[in-house]
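Per TrEMBL, the features are:
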SIGNAL    1-25  signal peptide
DOMAIN    67-384  domain 'Glycoside hydrolase 35 catalytic'
ACT_SITE  E216  active site, proton donor
ACT_SITE  E296  active site, nucleophile
DOMAIN    439-534  domain 'Beta-galactosidase 1-like first all-beta'
DOMAIN    576-634  domain 'Beta-galactosidase galactose-binding'
Amino acid sequence: MQLSWRRFTFIPICVCLALQKSVLSQSLDVTQFGPEVIQVKETYNQGRELSQKDLQSSRNISIEGDEFVLDGNPFRIMSGSLHYFRLPSEYWRDRLRKLRAAGLNTVATYVEWSSHEPEEGLTTFDGDNNIAQFISIAAEEELYVLLRPGPYICAERDLGGLPYWLLSKYPNIRLRTTDKDFIAETEIWMTKLFNQLKHLLYGNGGPIIMVQVENEYGSYGSSKAYMKQIRDILKHHVEDNALLYTTDGPYHSYFYDGSVPETLTTIDFGPSSTKVVDMFKQLRAFMPVGPLMNSEYYPGWLTHWTENLQEVAKERVVATLTDMLDNNINFNFYMFFGGTNFEFTAGANYGSYYQPDITSYDYDAPLSEAGDPTPKYDAIRNTLVKYNLVPEHIPPPVPSKKGSYGQITLSPKINLLSSDGRSKLGVKYEDVNGIKLPTFEELRQRSGLVLYETTLNETEGVLSITMPRDWIYVFVDSILQGVINRMKKQYTVNIKAKQGSILSLLVENQGRINYGNRLHDFKGILGPVSLENTKGYSKNSLEGPWKVTGYPLEVKKNLELGPSNIANEASSTVAPTLYEGVLVLPEGTPLDTFIDPTGWGKGYIFVNGHNLGRYWPNVGPQVTLYLPGVWLKPAPAQNTIKILELQETPKNPTLSFLDYPILNRTGSFFDGLLFN
């Protein structure tokens, strides 16, 4: 709908808050949110048929002066971020109800294009990707929705939520620009998305009251032409049935560059000693009239491998929250529930060096990674109680019981570099000649590992790779020589070989960069592989021929091993090796648990066909991996546990199942590096 900028008569905050609760209970008709809305006509109490046109005229969110107005009543947005793609769909209602129980009236979620279309044309909106169901459940739990469809979302996700195949299909594409290929693909995607969601826009009877245009674009670029194109794509689908908005940092250059006409400009910031009204001074000078909103209020922060867990004190969070409440500021906690970067979805940043994100997205949020209320949650809820904002009919949540399932022993099943490992876990790509090796994107392999191999003529020397993407295990005749890695900019390894030795370079994708000007983050080996004689006589770029084998590690496709010959293979327990074990639960409903891989090096854990993500306990700070109970089989069934260990043979190949997480045990990077 068009933004209405009429001056609204001032109403004291206590009246606004009371009206807001009334608006929520009266206008949020949960019977209107099922997917049948666009097929089945509904009726008013008097029996009059409710057409789509009736819905649009009877339900309206607008801006009048400095207020949001919902169906004619002032409304304050008090929201929390919760991403449907970071937890199993079975838990959506639980987390949404806990968010509402804290006193919030709205939930914000990004839409991750890459989750719905991991491969070109392979689009899914079912199961954990059933975003329409997620939004419908939000409505049933008395929550409005802020939809953040991007197309770029950042969110500390691989490639900022954009599908990797854009880089495959268009090697020269310029993401987040007016590049014709990027805009064309965005239009196709948004049509698919809003075919699922259009009936859930507020004007059509649904809970989506606002739709974000792009995502913090002002910290990336300054193209108004691009922002107008994205706005127009979204406007085509949203029409007048929800408000459009942008969000950027609180400084003028950010929100100015990220703003676009016909949308509301909002800013984001965390707890601050600066008064809230002062945080909005620059925005208010730019936008003299309109509701003020902190659309990403940070109660926590993201964490990279090797760092301490990023934490924010609850007292600071509550102080700034109170300031916003007292000054009629709309807000959205980012995150209220963080969840988990399962599988290969964690992204990376690049400051002065490459920084991959940990698997957990706990974020020090009010609700923990397992969905439990924290002291921060209680402090926020108690604050909102003082303003009479917490619904009395929803009891305060309590932590769920977790499973302490003891320890299991795993056995080596298959070595990735063995002939058996290649045939059962690998995908053979075409051999290549020359110094240019195919990237993951050229091979159309989203993630996992790629193995590049060639025959050596030199017997020893210094191997050099200046553009590793990202972590390369260097083997000669299946014996690990060391690692080359992007994180610490370690580009050389001393190797020893004999004439005719096989050089094997196993490349691990640690996550595509999700933010900044290095966004176009191709994976593999992007430059020449050179070998310099130790006596300095020569330095040659290796030209192959190269054999190329991929290990996509897609659990449902190629991790069913069948019989294994590992016991008969000479170097069977030398990394990288896939191990297997079995967990049988005690009687009762399976509970959430945490897997502790202490004693292992670095790799991935798979449970009953679910990839829980990367473990790296020697580096930290995250040690345990969260395992949702809904992915476990009750007794007496066997739960299959597989662990792909990439860099060392564990002295004691066991895993422990704990009833608590370990997320802040920082180790030494060089313990996780193995070789210097």
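Every residue, even glycine, has its Cβ placed from backbone N, Cα and C.
Secondary structure counts, DSSP: the domain 'Beta-galactosidase 1-like first all-beta' (439-534) has 0 helix, 48 strand, 48 coil. Geometry remark: the residue listed as 'active site, proton donor' versus E296 (active site, nucleophile), CA distance 10 Å.
Note: the domain 'Beta-galactosidase galactose-binding' (576-634) comprises 3 helix, 27 strand, 29 coil (DSSP; helix = H, G, I, strand = E, B). Long-range Cβ neighbours of the residue listed as 'active site, nucleophile' (same chain, at least 6 residues apart, Cβ-Cβ under 8 Å): S81, T247, D268, F269, N332, Y334. There are 22 other Cβ atoms within 10 Å of the Cβ belonging to the residue listed as 'active site, proton donor'.
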